[in-house]
C-alpha cells in the first residue's frame, strides 16, 4: 500500500515539474496580458500590483469589504496552481490591475478573455466577474473605483444566486449614437455557470470575433454557446438592445372608445330566476336563540375602573379630559352572564347567492388593441455591435463574494486564440489531468474554436526537444501503465538482489 502511494506521489510531482517548465516556454504577443501570479512572493507583494478600492459609501463604510490574499491552491509547489483568493464571504469584492501595454481591439481583431476559478466552499449566492476597463491611467484610479465608475467596456463571468440565477454573464458597453449615452448591454440568454462545483476548477473563456461580429463562450475548453452575426438583432437578445428598434408604438394614439376587447360576455338571452333575492344574507341568527334564565343583559359587561388614578403628569389643557380605563364588571360572573347576548348564527335557507348569468364568446370581440407603430426617431444601424470602442487599460475583478477562499488564477486578455489555448492546455488541463489521474481522449482535447477553425490541442502540440520533458510526457500520457511497469521493475529487482546475495 505504501509502495503504490509512493509511486502515485512520484507521478504527481513529475506532473508539477512538467507544469513548471511549461510556463517558461510560453511566449505572448506584446499587447497580450497573462497573470499567472508566479512573480509574487506574498500577499504584500501582490498588493503592489493588484489594487483594492478604498471607496466608501454615504455612511463612511468601505464599499468593498472583502479581503484578498495570494494563495498556493491545493497542490503545494505547483507553479500553475497559484492565484488570488477571496478571504471573505458574503461581501462585495474588488481588485484591479493596470495593463503595462494597453490593448486596442480593431475591427478585424479577435478578443479573448479567459480565467480560472476554483471554489473551496459551497456557494448559495455570488459571482466571479472580470471587467475590462478603459481610461485607467494610474493606481489612484483603482483606489477610487466604485460601482458607478465609468469606463467598463466588457463584463464576463459566472453568476449564481439560487434559485433565480445560474449562468455565465456577458455584457458589452455601447454608446448610443443619437443620445451619446453609454450603457452596458447584457446578454439575456446565459449558459449554465458550473460555479457551484467545488470538486474541481473551471476555466471560463470568451472569444469575440470582431470581423465576423460573432462570439463564443467556453467552459473547460468546451463550447457552451456560439452566436453569429450579432448585427441581426432577431437572433441575439441584449438588454438594452444594441441596435434600437426600427419601429416603435405611437404613444400619442389612445384606444378607441368603441373597441371591444372582451373575450367573453354574459349571455343576453339568459333569464334570471324570479325567486332569487340577492339581499338575503348567507348567515342568520338562530331563531331559537333566547337568553338563559340567569343571564342579565341590563348589567354592562365592562365598567370604568373605580380604583384608577389620574397620572400626575396629566394636564387636561394639553391631553384633554382624563378617562379611567375599562375593566371587566365584577358583577358579571361566568355563572350568570351579562351584557348583550348574541345568539348563534346558522345558514340561511333562503340564500341562493348572486344571480350569475351564463357567459358566451363575445361575437363582437375585436382582439387585443395595440397602438399603431411609427418609425423610431432615435433609430440607427449599429454596424459593429461587438466592437470594443475604447482602448483597454485595466482589468478588474468585481463581484459579490458568496464563497470564501475562492481561487482565481491564469487571467488572460489578448487578441490571439492560440495563446489562450496553449495557456489553458499547459495550466488548467495539466492540473485537471493530475487531479483525475487519467488521460483519455476527452481530457486531451481542450479548445476547438469555430471562430477561425483553430484546433490546437494539448495532444497535437509540438513535442519538446528536451529528452527529460519527452519522458515525462510519456509518463503523463499513460500514468497507470507507468505505475504498473515501475512496480514490476522494482519487484523484479528486489527478487534478483535477494537471490544474488543469498
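Cβ from N, Cα, C; glycine included.
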Note = Given that Swiss-Prot records 159, 398 as binding alpha-D-glucoside, the matching residue among 131, 183, 194, 426 is 131
Inquiry  = Of the ranges 30-87, 320-377, which one does Swiss-Prot flag as region '4 X approximate repeats'?
reply    = 320-377
Ask   = Where the distance is taken from Cα to Cα, which of the binding-site residues 131, 159, 398 turns out closest to residue 125 (disulfide bond)?
value = 159
Fewest other C-beta atoms within 10 angstroms, as judged across 161, 338, which are the disulfide-bonded residues = 161
Message = If I take the Cα of residue 398 (alpha-D-glucoside binding site) as reference, which of the disulfide-bonded residues 161, 332, 338 has the closest Cα?
response = 161
Remark   = Within 8 Å of the Cβ centroid of 131, 159, 398, the other same-chain residues by Cβ around the recorded alpha-D-glucoside site are 127, 128, 129, 130, 155, 156, 157, 169, 396, 397, 399
Request  = Measure from the Cα of residue 161 (disulfide bond) to the Cα of every one of the recorded positions 131, 332, 338, then give the nearest.
outcome  = 131
